[in-house]
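Asks: Just lifted these from TrEMBL, have a look:
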| type | residues | note |
| --- | --- | --- |
| DOMAIN | 41-289 | domain 'G-protein coupled receptors family 1 profile' |
| TRANSMEM | 26-48 | transmembrane segment |
| TRANSMEM | 60-78 | transmembrane segment |
| TRANSMEM | 98-119 | transmembrane segment |
| TRANSMEM | 139-164 | transmembrane segment |
| TRANSMEM | 199-224 | transmembrane segment |
| TRANSMEM | 236-259 | transmembrane segment |
| TRANSMEM | 271-291 | transmembrane segment |
Amino acid sequence: PEPENHTLMTRFVLSGLSNSPQLQHFLFFTFCLIYTITIIGNLLIFMVTVHPTLRTPMYFFLRILSFLDISTASVVLPRMLVNFLSEDRSISYMGCATQLYCVIFLGATEWYLLAAMAYDRYVAVCQPLRYAIIMNSRVCLSLVLLSCCSGNVVSVVQTAWVFALPFCGPRKINYFFCDLPPLIMLSCTDTTSYEKQVIVATVMVIFTSFCLILASYACIISSALKISSAEGRQKIFSTCSSHLTVVTLYYASGTLIYLRPKASNSQETKKVLAVIYTTIIPTLNPLIYSLRNKEVKGVLIKILAELKKI
């Protein structure tokens, strides 16, 4: 068949997670529950971290992380839920481009934010006497803005590149949202150079920020090992363990998705990883940070006790 020029293709069709009609209602209720937990959990973290006793840089970054998690889930899940119950799973060309831009922007911003959070932990552990001076409000805000600007640059470039490709029929995207790997597979031209660009961008974004995290934690571990008190070392590792858990989940899934963008034999695996990346991790983050943090749990209990009195 003649290739369809991408400027004439006005709509794509999302295949979703499963084509089985029997599973659609089950998947709808499952992911509706996940979305509800994500919103409530991250809103609770947001409310807790604005408490006067938790107005420190660490909780400022955690508040931004919660906002990014809510945004990521909201970009992917509402349309996904509609598609479970609808026979029309089409998405407009501009809608697809917008969704792709948002997913990449939020993802890249979160990677850089996790690096900023690691730097905050490094300063807190390795330079505690100068912590308040180094991590002042201007520095914290600058790190967040830098993360957002970097995420925006990555997203604009990647979205522009993929939508400059000519797409062929059929218009079906074997995925549950618009993302780089399935869109590349629809192109009717040789995408080898573009795949290399995706890999380079992935390396620049993920591994650059990951190296910053590793450097920060190398210094933290070195400082912790110099502490003679076992209780002191335990406190440091307990503070950092939540962040390390999120970093491991986020970076592992993101790397496996984008380092081999056109690996068709692993498309179903990529769907599972994408579910973890866009829906499960935003749901788990509030649990990880609250269950492992005594200060967050303490303030959360106070807030819930106050709400019961109302």
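Sequential numbering from 1, following the chain as shown.
Just so it is clear, glycine is given a Cβ too, placed from its N, Cα and C backbone atoms.
Each of these features: where is it, how hidden is it, and who are its neighbours?
Replies: Nonlocal intrachain contacts for the transmembrane segment (26-48), taken as residues 6+ away from its ends with a CB within less than 8 angstroms of a stretch CB, comprise 17-18, 54, 62-63, 66-67, 69-70, 73, 77-78, 80-81, 84-85, 279-280, 282-283, 285-287, 289-290, 296, 299-300, 303.
Packing against the transmembrane segment (60-78) from elsewhere in the chain are residues 31, 34-35, 38-39, 42-43, 45-46, 49-50, 99, 102-103, 106-107, 109-110, 113-114, 116-117, 120, 140, 143-144, 176-177, 278-279, 281-283, 285-286, 289: each is 6 or more residues past its ends and has a CB under 8 Å from a CB in it.
Outside the transmembrane segment (98-119), and at least 6 residues removed from its termini, the chain residues within Cβ reach (under 8 Å) are 58, 61-62, 64-65, 68-69, 71-72, 75-76, 79, 91, 143-144, 146-148, 150-152, 154-156, 158-159, 162-163, 177-180, 183, 205-206, 209-210, 212-213, 216-217, 243, 246-247, 250-251, 254, 277-278.
Within its own chain, the transmembrane segment (139-164) is flanked in space by residues 6, 57, 60-61, 64, 97, 100-102, 104-113, 115-116, 119-120, 180, 183-184, 194, 197-198, 201, 204-205, which lie at least six positions past its ends and keep a Cβ under 8 Å from the stretch.
Below 8 angstroms of C-beta separation, residues 107, 110-111, 114, 117-118, 121, 124-125, 179-181, 198-199, 202, 206, 210, 213, 217, 220, 223-224, 227, 269-270, 273-274, 276-277, 281, 284-285, 288-289, 292-293 of the same chain, each at least six residues beyond the ends of the transmembrane segment (236-259), sit close to that stretch.
Within the chain carrying the transmembrane segment (271-291), a Cβ under 8 angstroms from the stretch's Cβ atoms is held by residues 17, 31, 34-35, 37-38, 41-42, 44-45, 48, 62, 65-66, 69-70, 72-73, 75-77, 103, 107, 175-177, 179, 242, 245-246, 249-250, 253-254, 256-257, 297, 300, all 6 or more beyond its ends.
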Asks: Grab the pLDDT values for the domain 'G-protein coupled receptors family 1 profile' (41-289) and give me their mean, rounded.
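Replies: Reported value for the domain 'G-protein coupled receptors family 1 profile' (41-289) is a mean pLDDT of 85.
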